[in-house]
Each structure stands twice: as structure tokens, then as C-alpha cells.
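Per Swiss-Prot, these features apply:
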{"type": "SIGNAL", "residues": "1-26", "note": "signal peptide"}
{"type": "DISULFID", "residues": "CYS51-CYS65", "note": "disulfide bond"}
{"type": "DISULFID", "residues": "CYS58-CYS70", "note": "disulfide bond"}
{"type": "DISULFID", "residues": "CYS64-CYS81", "note": "disulfide bond"}
Amino acid sequence: MKTAIFTVVLALAVFAVLSFGWEANGKALSEEFTELIHEKEAASETEARECRYFWGECHDHMPCCDWLVCRYKWPITYNICVWNRTFPEK
């Protein structure tokens with residue numbers, strides 16, 4: 001009887017140690033993941049867009065990219081950048 005109780009207590013202790021290790025590992029992974037996301041957001045914010053992309057609003061002071069042209073499209077009340085049927089050269 002004492003051996004069975006000792007085995008159960010020992011098994012519970014092992015499970016407690018293992019679950020604590022998994023929880024700590026999970027927290028570390030989530031912290032690394034959030035840091036990676038913040039780094040990606042910061043990198044994308046530093047890139048300045050010099051031209052407007054497809055369906056972006058355009059004016060004289062906001063030009064479209066090279067492969068797009070600024071046009072007025074009927075249901076929309078402002079000019080948008082549309083494809084000029086060319087491809088950008090790489």
C-alpha cells in the first residue's frame with residue numbers, strides 16, 4: 001500500500017515538473033513570436049512609399065507607380081491608379 005501511494009505521489013511530482021517546463025517554454029516562444037512581429041512592423045513602417053499602388057488615390061502631388069496611370073473612374077468620386085497595361089522592368 002505504501003509503495004502504491006509513493007508511486008502516485010512521485011508520478012504527480014513528475015507531471016508537475018514537466019508541466020512547469022512546458023509552460024515556461026510556451027511563454028518563451030510567445031515572447032519570441034511577439035518580438036518578431038514587432039520587428040516586422042517596424043521594418044514595414046520605415047519603408048516610405050514614393051508612389052501610389054493599384055487602386056490608390058492619386059493627384060498631381062501623389063503620383064502613381066510607373067506601371068500605373070491616374071484615371072477617374074465613375075462610381076468613385078476621386079482619381080485612382082489603374083494599370084496602364086505595361087509591366088515594370090526588373
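Residue numbering: from 1, along the chain as shown.
Quick reminder: no glycine exception, Cβ is built from N, Cα and C everywhere.
Since the structure is predicted, the reported quantities are computational estimates derived from the model, not experimental observations.
Packing around CYS70 (disulfide bond) is summarised by its Cβ count: 18 other Cβ atoms lie within 10 angstroms of its Cβ, all protein chains included.
Between the alpha carbons (Cα) of CYS58 (disulfide bond) and CYS81 (disulfide bond) lies a span of roughly 6 Å. Counting Cβ atoms from all protein chains shown, CYS51 (disulfide bond) has 14 others lying within 10 Å of its own Cβ. Secondary structure from DSSP puts CYS58 (disulfide bond) in coil. With respect to Cβ neighbours within 10 Å, the disulfide-bonded residues CYS58, CYS64, CYS65, CYS81 differ, and CYS65 shows the lowest count. A separation of roughly 8 Å, to the nearest angstrom, links the Cα atoms of CYS65 (disulfide bond) and CYS81 (disulfide bond).
Reported as a whole number, the C-alpha separation between CYS64 (disulfide bond) and CYS51 (disulfide bond) equals 5 Å.
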